[in-house]
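Taken verbatim from TrEMBL:
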- 1-19: signal peptide (SIGNAL)
- 141-444: domain 'Peptidase A1' (DOMAIN)
- 159: active site (ACT_SITE)
- 172-177: disulfide bond (DISULFID)
- 339: active site (ACT_SITE)
């Protein structure tokens, strides 16, 4: 029953973004964990919305605990369907500037409670770099940022798809704030309120609060920075370990642009940052973000750059194409948003359908989620500027569900109309360079540690 209810929830999220297709819950069950045999008729979107909201309230999540490296057996039991539903909901709000107000108003939020597990990373040896932690399931990657004169540490999501930076405030009474670290005037002698408010739209909810200026210490750098201190957060932050978001987009947001402030501080030889995201199943966490220079111990070969393909200040570059086992499936010229704050890969339904057509035995009832044979182990490649990057089956294909089926983590859903969104499923397979000075993204193959080569 739980998977069926989650599918109703996911349908609400998807239709609230673009309202492209109806979702018959009884006919669609591609997720890990299976579905019940309960049948229902989808008469209209409003009816589904009411039922889905009730379903959301009925779902409970397991708790996590802060700790070091974890084993595969100790990972969260949260199903892929629940993760996907939450991810689509969050993305529809995150990219809300591409959506109409009417569509945004139909988005709904959930209220669930959980504690968190944090898998810390090994310390970096670079001067201007920071270790990047994760939740132990490759679902979110975040780093510890120290705020104010007392250098209070808070976890902030590393998010190249966001322009606004904020943390939860000590005066916030939202349920999510009560479960996270927070920041307020008593935490710093240099805390300076701006007398201005900020608000980041989250569908029918929002993150709201006050703008302040204080010192920020991160990745070996220290400077004054304007960021938001939230006094209200939406309930979906109940599910994430991080206490706020560090916006690394080139686009402006509600607060100062982090990379522009870094550049103005004059502490870097170049206004770039480089990202390496470790896969939890591969052993000790060695994830890292470095500023000003890249870590040559993390990649091999040359870094190939592709110029940003739009004028909005987003980290989005044009695709040359997508392949499975050498079979091309189009998508040439489509923009691909490269987003460290997104877990999966999303693309236009026609592109995703063409891609999965090349995978023998793949099926989909809705054009969004695809079942694939669990022995589908051929290379998936995304090509930029003539260079192809291989995505491991560990990332693009799920582990077998109870019924023996596997799910593709490449979903047919347009977060941004006509464009692809490449999240951590993609980024775990490349070394990525975000160059603000030259307005380009570079990529290279990973230099795998010895313990990974033995696997």
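Just so it is clear, glycine is given a Cβ too, placed from its N, Cα and C backbone atoms.
Automatic prediction, not curation, is the source of TrEMBL annotations.
Overlay of TrEMBL feature records on the structure.
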| residue | record | CB count, 10 Å |
| --- | --- | --- |
| 159 | active site | 25 |
| 172 | disulfide bond | 23 |
| 177 | disulfide bond | 22 |
| 339 | active site | 28 |
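Residue 339 (active site) has 159 as its nearest neighbour among the recorded positions 159, 172, 177, going by CA to CA distance. Recorded residues residue 159 (active site) and residue 177 (disulfide bond) have their alpha carbons 20 Å apart, per Cα-Cα distance. When secondary structure is read from DSSP and collapsed to three states, residue 159 (active site) falls in the strand class.
In this model, the domain 'Peptidase A1' (141-444) carries an average pLDDT of 95.
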